[in-house]
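Structure record follows, encoded as structure tokens.
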Amino acid sequence: MSQAHRHLALLLPAEAVLCAAAMRFQDVLSNGRTAPVTNHKKIQGWSSDQNKWNEKLYPFWEDNDPRWKDCWKGGKVTTKLVTDSPALVGSNVTFVVTLQFPKCQKEDDDGNIIYQRNCTPDSPAAQDQYVYNWTEWIDNCGWENCTSNHSHNVFPDGKPFPHYPGWRRRNFVYLFHTVGQYYQTIGRSSANFSVNTANITLGKHIMAVSIYRRGHSTYVPIARASTTYVVTDKIPILVSMSQKHDRNISDSIFIKDSPITFDVKIHDPSYYLNDSAISYKWNFGDGSGLFVESGATTSHTFSLQGNFTLNLTVQAIIPVPCKPVTPTPSLPTPAVTTDASSNSDPSAPNEMAEDNPDGGCHIYRYGYYTAGITIVEGILEVNIIQMTSIQMTESQAENPLVDFVVTCQGSFPTDVCTAVSDPTCQVSQGMVCDPVVVTDECVLTIRRAFDEPGTYCINITLGDDTSQALASALISVNGGSSSGTTKGVFIFLGLLAVFGAIGAFVLYKRYKQYKPIERSAGQAENQEGLSAYVSNFKAFFFPKSTERNPLLKSKPGIV
């Protein structure tokens with residue numbers, strides 16, 4: 001009897017050692033990280049990482065294990081794990097993992113890994129040569145007895161693979177791990193999934209993934225990756241600011257007396273807030289008061305220079321299922337509708353908002369944004385008030401020259417840029433920028449040379465360190481040399497002389513037969529008729545310009 005007790009005493013410690021040595025999901029998926037002992041709420045569809053791991057079918061290798069070098073033919077497989085975090089508690093956070101194969105390798109439509117055609121000169125000679133032909137393995141039943149033995153189509157915890165259509169073409173096993181739980185799935189060269197954050201505590205967490213590929217007798221580890229994600233009870237928001245004449249949108253410096261547009265973007269990739277009532281409360285910090293908007297875009301004009309701090313509070317009233325009416329030991333606290341202190345427990349506002357919803361069928365969530373901006377005097381407007389062509393002598397340059405007289409309102413510019421493009425203002429033909437010094441009045445004369453006569457679209461931009469403004473015009477440029485102008489004048493005078501002679505002859509023939517010798521009154525009448533005819537003649541050959549503004553956009557001004 002004593003001998004039996006001795007055998008039993010030896011067996012019990014041995015069994016305890018075996019149990020202690022059994023590998024668990026936490027040992028494999030934590031990758032050496034020691035997670036704090038915390039009781040996490042169960043995530044729907046996930047399992048505890050204290051479950052046993054089948055190390056025989058899914059071997060575990062340390063980071064420095066030499067077997068990693070031979071886990072994949074032709075090189076090393078890397079993986080990229082990304083997330084759309086941060087996530088508002090209660091919404092879904094999505095993760096996407098993508099495998100990146102060695103050069104010249106890709107996945108085909110059947111889930112096999114093949115060499116790309118004509119990838120490099122030293123690539124394998126045979127076209128579409130397989131790196132891993134898993135379809136052939138399955139068809140030949142080379143991996144166990146595929147008609148009766150399904151022991152290999154299981155996850156590390158022993159659960160069978162889901163047999164949905166096309167499952168045999170998914171030759172990678174993805175194992176995700178976070179907050180003491182794991183999720184397992186099969187897939188191809190990429191996989192994505194979403195997790196509801198209702199039962200995940202607020203704060204930063206790590207999502208880790210381990211990927212195995214199908215092998216002949218076991219699954220082979222090929223890559224690991226991890227990323228950080230955030231669960232918060234504050235609505236994630238981003239505010240973009242823009243202004244018409246602002247030169248640099250990223251420096252938070254804007255112009256006085258010019259509207260600033262504020263556009264609010266709520267980060268809600270899972271559309272958790274789609275059915276919520278959202279409002280935006282603005283305080284621009286300039287003493288103008290509070291503004292409540294129902295839309296995500298608003299504008300505000302600062303009439304004073306200086307530094308200002310703007311504050312935005314976004315409120316979302318989220319409908320939730322009504323909870324059963326149960327007596328509560330305490331009344332709701334007003335802290336739900338006030339700003340949470342930075343020293344408070346981050347999980348407290350979440351619990352209060354969920355346990356004490358207004359009316360029992362919705363909860364409040366808030367998002368906050370604060371930014372400092374600087375308002376300065378800027379260039380508000382630029383006008384082209386005059387364009388003059390410059391006549392050149394034959395010894396000077398033949399390129400036509402035009403002087404532009406421009407004025408501006410606001411601050412004085414420090415640089416001027418002149419851009420020339422085709423008549424449609426679409427194809428640029430060049431731009432010239434020069435520094436300028438304006439001390440008294442914003443009136444500048446800008447001389448611009450053109451390659452040849454023609455019609456051009458001209459843009460003149462005046463700018464300083466913080467702002468810029470633009471004026472445009474469509475102009476028609478004539479030849480610039482004086483010889484060309486002189487030739488044009490002579491031709492015009494010659495034509496004028498010819499037409500004058502013809503006109504004199506016509507007048508002589510017409511009025512000769514009506515000219516009485518002795519009637520002075522009739523003479524005066526004929527003189528009036530002659531004057532009217534000469535006026536008509538002058539109007540025909542010398543029409544007055546009806547264009548008062550040479551910068552009209554409808555037609556080019558001739559300079």
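Keep in mind that glycine also has a Cβ here, set from the backbone N, Cα and C atoms.
Annotated features in Swiss-Prot:
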SIGNAL    1-22  signal peptide
TOPO_DOM  23-487  topological domain 'Extracellular'
CARBOHYD  Asn92  N-linked glycosylation site
CARBOHYD  Asn133  N-linked glycosylation site
CARBOHYD  Asn145  N-linked glycosylation site
CARBOHYD  Asn149  N-linked glycosylation site
CARBOHYD  Asn192  N-linked glycosylation site
CARBOHYD  Asn199  N-linked glycosylation site
DOMAIN    239-326  domain 'PKD'
CARBOHYD  Asn248  N-linked glycosylation site
CARBOHYD  Asn274  N-linked glycosylation site
CARBOHYD  Asn307  N-linked glycosylation site
CARBOHYD  Asn311  N-linked glycosylation site
REGION    329-356  region 'Disordered'
COMPBIAS  335-347  compositional bias 'Polar residues'
CARBOHYD  Asn459  N-linked glycosylation site
TRANSMEM  488-508  transmembrane segment
TOPO_DOM  509-559  topological domain 'Cytoplasmic'
One of the glycosylation sites Asn199, Asn274, Asn307, Asn311 has its Cα closest to the Cα of Asn459 (N-linked glycosylation site), namely Asn307
By the 10 Å Cβ-neighbour count, the most surrounded of the glycosylation sites Asn192, Asn307 is Asn192
Quick note, Asn199 (N-linked glycosylation site): same-chain residues at least 6 apart with CB under 8 Å of its CB -> His40, Lys41, Lys42, Ile43, Gln44
The average per-residue pLDDT within the topological domain 'Cytoplasmic' (509-559) comes out at 42
Cα nearest Asn311 (N-linked glycosylation site) among glycosylation sites (Asn92, Asn133, Asn192, Asn248, Asn274) -> Asn248
For the glycosylation sites listed (Asn133, Asn248), most other Cβ atoms within 10 Å of the Cβ sits at Asn133
When each of the glycosylation sites Asn92, Asn274, Asn311, Asn459 is scored by other CB atoms within 10 A, the minimum falls on Asn274
By Cα geometry, the one of the glycosylation sites (Asn92, Asn133, Asn192, Asn307) nearest Asn274 (N-linked glycosylation site) is Asn92
Nearest to Asn192 (N-linked glycosylation site) by C-alpha distance, among the glycosylation sites Asn92, Asn133, Asn248, Asn307, is Asn92
Cα of Asn133 (N-linked glycosylation site) to Cα of Asn92 (N-linked glycosylation site), in Å and rounded, measures 36
Using DSSP three-state counts, the residues of the domain 'PKD' (239-326) come to 0 helix, 45 strand, 43 coil
